[in-house]
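This report refers to the structure that appears directly beneath it.
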Amino acid sequence: MERASERRTASALFAGFRALGLFSNDIPHVVRFSALKRRFYVTTCVGKSFHTYDVQKLSLVAVSNSVPQDICCMAADGRLVFAAYGNVFSAFARNKEIVHTFKGHKAEIHFLQPFGDHIISVDTDGILIIWHIYSEEEYLQLTFDKSVFKISAILHPSTYLNKILLGSEQGSLQLWNVKSNKLLYTFPGWKVGVTALQQAPAVDVVAIGLMSGQVIIHNIKFNETLMKFRQDWGPITSISFRTDGHPVMAAGSPCGHIGLWDLEDKKLINQMRNAHSTAIAGLTFLHREPLLVTNGADNALRIWIFDGPTGEGRLLRFRMGHSAPLTNIRYYGQNGQQILSASQDGTLQSFSTVHEKFNKSLGHGLINKKRVKRKGLQNTMSVRLPPITKFAAEEARESDWDGIIACHQGKLSCSTWNYQKSTIGAYFLKPKELKKDDITATAVDITSCGNFAVIGLSSGTVDVYNMQSGIHRGSFGKDQAHKGSVRGVAVDGLNQLTVTTGSEGLLKFWNFKNKILIHSVSLSSSPNIMLLHRDSGILGLALDDFSISVLDIETRKIVREFSGHQGQINDMAFSPDGRWLISAAMDCSIRTWDLPSGCLIDCFLLDSAPLNVSMSPTGDFLATSHVDHLGIYLWSNISLYSVVSLRPLPADYVPSIVMLPGTCQTQDVEVSEETVEPSDELIEYDSPEQLNEQLVTLSLLPESRWKNLLNLDVIKKKNKPKEPPKVPKSAPFFIPTIPGLVPRYAAPEQNNDPQQSKVVNLGVLAQKSDFCLKLEEGLVNNKYDTALNLLKESGPSGIETELRSLSPDCGGSIEVMQSFLKMIGMMLDRKRDFELAQAYLALFLKLHLKMLPSEPVLLEEITNLSSQVEENWTHLQSLFNQSMCILNYLKSALL
C-alpha cells in the first residue's frame with residue numbers, strides 16, 4: 001500500500017479537462033486577416049495559452065497549446081502568431097502548434113514586432129534583437145541604456161523600408177534603419193513618456209500616446225506635429241484609426257473609457273464610457289469596416305459597431321466572463337450542461353459546458369430598478385447590490401416564476417433571479433419587522449418543488465417565503481431558531497423535514513409544515529457548511545475543527561466522521577448516487593470520501609486553494625473555482641470510462657500537486673513504456689484457482705460442456721435426420737480438367753493394386769487414445785492433471801467417446817477404468833472442478849454400471865468413491881439448509 005501511494009502522482013478519480021469563463025486578460029489582442037477565408041480573426045491571451053475567435057460570429061476557432069509560463073506579449077503576421085513567455089518567445093502555426101522557438105534574451109520580453117521574414121523582440125533590460133523567423137537565427141542585436149532610453153513602444157512605419165520607430169519612457173523617439181544598424185533620427189518628444197504608437201491611414205503620419213493623456217498626431221518625415229488631443233482619464237493605453245471613410249480616431253484609457261476623436265474637425269465627437277470595467281488593454285478598428293474590437297483585464301472581449309448617426313459605437317457581439325474571483329458555483333438543471341456562478345464583481349452568470357454560445361449573464365443586481373429607469377442613471381455603481389455570497393437554484397418552476405434566490409454580502413434582504421429571462425427577479429425577501437443594519441442573510445435554500453425559499457439570518461432566525469408571491473410564510477421556532485448565526489438550511493425532497501444548523505453548535509430538525517422542532521443534535525464543533533443529498537437523505541456537515549460529519553436525516557444520527565483536512569473547509573459536494581462526498585479546503589486539497597466504506601479514496605493538491613466544488617448531476621464532471629482565479633475548472637470523472645482502483649488511502653498519504661486544466665480539452669500524453677512503472681493500484685487482480693482448500697470450487701467451463709452429458713443419446717436422436725440426404729443428379733457435361741496453361745482432361749483413376757482388401761481393420765479402431773494413455777501413466781505416478789485437462793478441452797460427444805472406450809470391449813482395460821475412478825476421487829479430495837467430477841462420474845456409471853459388480857477392483861474403488869461423494873454432499877446440504885433457513889426468516893420476519 002505504501003509503494004502504491006508513493007507511485008501515485010495525481011488524482012486517481014479526476015483528470016483536468018478544461019477551463020470555462022476565460023476570454024481575455026491585460027495583454028492586448030491581435031487582429032489578423034485570412035486571405036484564404038476572407039475573414040478577420042482576433043486572438044486574445046488567456047494565461048499560458050491564447051484563443052482565436054472568428055470576428056464574424058465571435059465563435060472560438062482554436063485554442064493554442066500551453067506554454068510553460070504566462071504569456072507576457074503577443075504579435076502576429078499573415079502566417080504565424082508570436083507569443084512571448086519569460087525570456088523566450090515562440091511562433092505558432094494554425095493558431096495552435098509551436099513551430100519555432102527563439103531563445104537569446106536574459107530578461108523578460110515585453111514587445112514583439114513582426115518585420116517581414118524577421119521578428120523584433122525587446123526585453124526589459126533594453127536589449128533589442130532581430131531574428132530570422134524560419135532559421136531562428138539572430139540577425140541584429142541593439143542595446144539601449146534604460147536610464148537614457150527605455151523602450152516603451154515599437155512601430156514599423158508604413159512604406160518605411162527596413163526602419164522601425166521606438167518610443168521611450170523618457171519621452172524621446174528614435175528612428176532606426178535595422179539593415180544598416182544606424183540611428184537615422186531622434187525625436188525630442190514632449191517630455192512625457194510614450195505609451196502607444198500607431199500608424200495613421202496617411203503615410204508618414206503616426207499617432208503617439210503619452211502618459212499625460214495626450215495623443216499627438218505627428219508627421220515623422222518632416223518632424224511636424226499636425227494636431228494634439230487630450231483625455232482626462234489618464235495615460236493612453238492604445239490607439240486605432242477608422243479606415244472605412246470616416247476620419248475617426250479611438251483612444252483607450254486605464255478607466256475603461258474610450259474617446260472618439262474627429263480628425264477633420266479636431267474635436268471629441270463621442271465618449272464610450274465604461275466600455276470595460278478595467279483598463280482598455282487593446283482596441284483595433286477592422287480594416288475598411290465600422291467595427292471596433294476591444295479587450296481588457298476584466299475578462300471581456302467586445303466588438304462595437306458604428307452604424308448610428310451620432311457616431312457612437314453600440315455593442316454588437318461579446319464574450320464575457322467574471323472580472324473578479326468567484327464566490328459560489330453550482331450546477332443548474334439535471335442535464336449537467338449549465339453552471340451558475342457568482343462573483344465578487346456582483347454578477348450572476350451561467351456558463352455552458354457544451355459551447356460558449358450558450359453562455360449568458362444574468363447581470364448585476366440593482367437595489368431599485370425603477371429609480372434607475374426613472375432617473376436614467378448612467379453609472380449604476382451606487383445602486384448595485386453587493387456581491388452574492390450564497391445562492392440556491394431550482395428549475396422545477398423556472399417557466400412560471402423566479403427559481404434562484406441569493407443572499408448578498410452585508411445585506412439583510414435576499415434577491416430572486418429568473419434564469420429564463422436572465423434578469424433579477426421582482427422580489428427582495430426579508431422580514432418586515434427587522435430593521436437592524438447589523439443583521440445579514442447567511443444561508444438560503446429552495447424546496448425541490450420550487451415554491452418556497454428558506455432563509456437563515458445572522459440573528460438566528462429562519463424564515464420561509466413563497467417564491468411566486470414573495471409573501472412571508474412563517475418562521476421556525478418561537479422567537480428564533482438558533483441562538484447564534486445560522487450556518488446552513490436544507491429541506492428534504494418531500495417538503496416534510498427542514499434541517500438547520502447554527503454557530504452555537506446545534507443541528508435542529510423541524511417539521512416544514514407546522515414549523516415545530518422535532519429533534520436537536522449537539523455537534524462537537526461549530527458547523528461551517530451544511531449540504532443535503534435529497535435522494536439519499538444524507539446530510540454532510542463541515543465543522544470548524546476541519547472535520548466532516550455525515551448524518552442520516554431519517555435516524556438523525558451521525559453515521560460517518562472524516563478528518564484529514566489541515567485548513568478551513570470551503571465547500572462540499574455529493575456525487576449523484578450519494579456514494580462520494582467531495583470536500584475542498586484552504587489547505588489546497590480536494591478530498592473524496594467513500595461513504596459506504598467510510599474511507600478516503602482520493603486526494604490531490606492544487607497550487608491555488610479551491611473555494612467551491614460542484615458535481616455534475618450526471619456524474620461526468622467536477623467543477624471547481626479557486627482563489628484569485630476568474631475561471632471555472634472542469635475535472636472529468638475517470639471512473640466513468642476506465643477501471644479505477646478505489647482502495648483506501650493510508651493515514652500518512654502525501655498527495656501531489658496537480659496543475660489546473662487549460663482552456664482547451666486535455667490531450668493524452670504519449671509516454672514510453674520504459675518510463676512507466678506498474679502501479680499496485682493499476683495491476684488487475686488475478687483470482688486464484690481456489691481460494692481455500694476447504695472450499696468447494698467450480699470450474700469456469702460453460703454449462704454446455706458438462707450439463708447435457710447424460711442426455712446425449714436423446715439429443716442425437718432428436719438431431720437425426722428423418723430422411724437420408726438426396727444425391728444430386730449427375731452432371732455429365734462437367735468433365736474434370738487439369739489446370740495449366742493448356743487445360744487437359746483428367747483421366748479416370750484406376751486401382752491397379754490387386755492385393756487391396758475391402759475388409760475393415762478393427763485393430764486400427766482399437767488404438768488407445770491419449771486420454772487412456774494418460775490414465776495408465778496416472779495409475780503409476782498418481783498424477784491426473786494432464787488427463788483431466790484433456791477431458792476439459794473435449795466437447796460432450798468427445799467426452800462420451802473417451803469414457804465409452806475405457807471398457808475392455810472397446811480397447812480399454814480394467815486398470816484404465818480403475819485409474820479413471822481414482823482421478824474422480826482426486827477431484828473430490830481437492831474439491832476443485834466439483835461439477836465436472838459429478839458429471840463425469842454420472843456418465844461413467846451410465847455407460848459401465850453393469851460390469852462394475854463383476855470386477856472386485858472396480859467394486860472396491862466405487863465403494864470408496866461413494867462414501868466420499870456422500871460425505872461431500874452431506875456437508876453441502878447442511879450449508880444449503882442453513883442458508884435457506886436464513887432467507888426464509890428474512891422473507892417472513894417483520895423488521
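Using the three backbone atoms N, Cα and C, a Cβ is placed for every residue, glycine included.
In Swiss-Prot, the entry for phosphoserine among SER399, SER503, SER866 corresponds to SER399. Screening SER168, SER382, SER614 against Swiss-Prot annotations picks out SER382 (annotated as phosphoserine). Remote same-chain residues near the repeat 'WD 14' (607-645) are listed as 11-22, 299, 321-331, 333-336, 339, 341, 343, 351, 353, 567, 570-577, 580, 582-588, 590, 657, 659-661, 663, 681-682, 684 (criterion: CB distance under 8 Å, separation of at least six residues from the stretch ends). Outside the repeat 'WD 12' (527-562), and at least 6 residues removed from its termini, the chain residues within Cβ reach (under 8 Å) are 443, 448, 487-493, 497, 499, 501-503, 505, 507, 509, 519, 521, 568-574, 577-578, 581, 583, 585, 593, 595, 598, 600. Residues of the repeat 'WD 10' (441-475) grouped by DSSP class, helix first, strand second and coil last, total 0 helix, 21 strand, 14 coil. For the repeat 'WD 1' (30-63), the list of distant contacts is 22-24, 69-71, 74-78, 81, 83, 85, 92, 94-96, 284, 286-287, 289, 291, 293, 295, 301, 303, 317-319, 356-357, 662-664: same-chain residues at least six beyond its ends, Cβ to Cβ under 8 Å. Neighbour list (SER399 (phosphoserine), Cβ cut-off 8 Å, at least 6 residues apart, same chain): GLN420. A mean pLDDT of 93 is what the model gives for the repeat 'WD 9' (389-428).
Two recorded stretches are said to be in contact when at least 3 C-beta pairs lie under 8 angstroms, sequence spacing 6 or more; the repeat 'WD 4' (152-186) and the repeat 'WD 10' (441-475) fall short of this definition. Cβ atoms under 8 Å from those of the repeat 'WD 10' (441-475) belong to residues 390-398, 400-408, 411-414, 416, 426-427, 429-432, 434, 481-491, 493-495, 498, 500, 502, 512, 515, 530, 534 of the same chain, restricted to positions at least 6 beyond its ends.
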